[in-house]
Amino acid sequence: NGIENKAFEAPGPERAEPDRPARDETLGASSEAELQEGPCGWGSCTPSALQLCNNPQGYLAAYSLLAVAQGIVVNGLVNISLSTIEKRYELNSSLTGLISASYDISFCMLSLFVSFFGERGHKPRWLAFAAFMLGLGSLVFCLPHFGSGKYHYGIKLEDTCQTSETTSANITCNARRKSSHQNYLYVFMLGQMLLGVGGTPLFTVGTAFLDDSVPKYKSSLYIGIGYAMSLLGPAIGYVVGGQLLNVYIDIQIPERQDTTYMKVDQDDTRWLGAWWIGFLGLFFAIWLLIIPISMFPKHLPGTAKIQAEKISETHDDGSEALVQMMNIGDSFKDFPMALLILLKNPVLMSLITSSSSEALVATGFATFLPKFIENQFGKTTSFSATLGGLVLVPAAALGQLISGFLVSKYKMDLKSIIKFMISTSAVALLLNTVFLFTECRNEPFAGVSETYNRTGTLNNLTAPCNANCGCLQSMYYPVCGRDGVQYFSPCFAGCTSYLVDNSLTKMYYNCSCVGKPKRESGSEGVLFEAVPGKCPTQCKFFPFFLITFFFAVVFTFMAVTPTTVAILRCVPDKQRSFALGVQLVFLRLLGTIPGPILFGIAIDNSCTLWDMDECETKGACWIYDNKRMAYLLLGTSAACKIIAIIFLVLGLYFYKPPASNKAVLQQDAEMVSAVN
């Protein structure tokens, strides 16, 4: 009923055989793609210079830039700014957790619909829409800074022992009144939801377009590069955001005449950094990306030929024939049937469950690895956060690049990809046992692991030597005593005085709880008994832990790119974007949302000293049992990885390749033999 197009005829006499997997669906899609392959540009404006970018490499560059920008905002700047936002707008941790979860809520609500409609639409335009929403979300997120007025940092609280008889009497429980600044919570949530709207097309429709435009055995390499670039974003976000937090929140520090208002510096607990600058800058940068992204045509040149040459590896459960026969995916009324087809695909659901279990571990460690390093090895908070990022981000990017390259180089079919994922997950599980061999004992801590010079009791910070100091357990400012024991704060160490040396470091003396004071040279008779910070740890496992955990992360993320490729191959062609949308919904619901919660519960179970304010309200945990923390993290991560491996094995067991593929492989082998 139409004109034959020789471009779509397979070479050789075998093209007419029924065994050939070049389906009518694929041919129809290829014809449509050829009709809509076009030049780069905007309408009739198609400069010849732009055609140099009208290829998969040009699209990959634009996709990667947007992925980097999304990573900077969502996984970099937001995460590093939450603690500052919490203080500035007087929000508790549960409310800042709601801000963080707003991105995932929006993502889950829209992912299925965007991926369903985006499959048949103009994918580069969907990506331009993603850039618009990401930029808008960045702008909205920083608006509270411009509406909340100047920051007033208040008076500086004294950290030493105040022996006045009225000190302890003045510490009363005053219920906090709700601040008007807390209403900005809803603005932050709106910004996060807009960012979620922008992230949805990027990792569903955008990834599927990349797979459409390259040969099957090259798609893993391209997707691996794109995903690796998305991991570069958080690294840039943490570095840039960390530097911006060294700038005062209102840029210029106000001068005060009142001496009770001591000028703040970066070491002061009242200091707040300029968290908002990064969001404002990314708003302009992301919107500039709309211009190059919107220039790509609906299909890149050569897409039709690439689609015609691809051999189906769809799981043989009849879904492909059903989608083709009923033309599922052309209208919204097909949505329930399309979703049901994917949910009934055992290979797809096994891959999704496995990747969700791995995502739970990855997000848990991304959130709490700095806390583990800080407490296990006695490092500072900032150093632990920086080091955690330097381990996680490069290792994750390297793992995705290596796996994408290997799958592409060895032209793995679907079964080989799943076997490859099983092997990498098993190696990652073995490497995770590093927690068994690197747990470090807790250093002596007065009132927690030992008494105050044989006075007082365990699990009680107050002892006779500091009973009259009126110390607050909500002010955690650890100091290391001359006796090698760590104290909760200079006040709990009984220190009544301090001097500031040439390096602007406080040196505390007259500390009634610290044993055996020592005369320091050059101190002019002053007895220095405690210095700020935790006591140096005696644990020597830190380098071994970093190296081993780095490779554990590499092997963990070596399963990410192959999982995406396997999902794209095991479902009908018309449902590839939709399958990625389903995966991302499950990834959020089963992985990234509960991951930090489960790891947080595990870490909280190892707490030995909680923050208690004057109203006896429990706050954050100050001191952890290192051994218990290491074992709980190992148990949680090992359980998730075992679940992931089990579902990969199930996916391999359930997978049935199309029957026609066997005939094709046999014919290809015979042709090779004949040529030789």
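Count begins at 1; order follows the chain as displayed.
Backbone N, Cα and C define each Cβ position, glycine as well.
In TrEMBL this protein carries:
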type     : residues : note
REGION   : 1-35     : region 'Disordered'
COMPBIAS : 12-26    : compositional bias 'Basic and acidic residues'
DOMAIN   : 59-653   : domain 'Major facilitator superfamily (MFS) profile'
TRANSMEM : 60-82    : transmembrane segment
TRANSMEM : 94-114   : transmembrane segment
TRANSMEM : 126-147  : transmembrane segment
TRANSMEM : 184-209  : transmembrane segment
TRANSMEM : 221-240  : transmembrane segment
TRANSMEM : 274-296  : transmembrane segment
TRANSMEM : 389-408  : transmembrane segment
TRANSMEM : 420-438  : transmembrane segment
DOMAIN   : 459-515  : domain 'Kazal-like'
TRANSMEM : 541-568  : transmembrane segment
TRANSMEM : 580-603  : transmembrane segment
TRANSMEM : 632-655  : transmembrane segment
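Between the transmembrane segment (580-603) and the stretches 126-147, 184-209, 420-438, it is 184-209 that has the most C-beta pairs under 8 angstroms. In this chain, the transmembrane segment (420-438) does not touch the transmembrane segment (184-209); fewer than three CB pairs sit within less than 8 A of each other, excluding pairs fewer than 6 residues apart. Mean per-residue pLDDT, taken over the domain 'Major facilitator superfamily (MFS) profile' (59-653), amounts to 79.
Helix first, then strand, then coil: DSSP counts for the domain 'Kazal-like' (459-515) stand at 0 helix, 17 strand, 40 coil.
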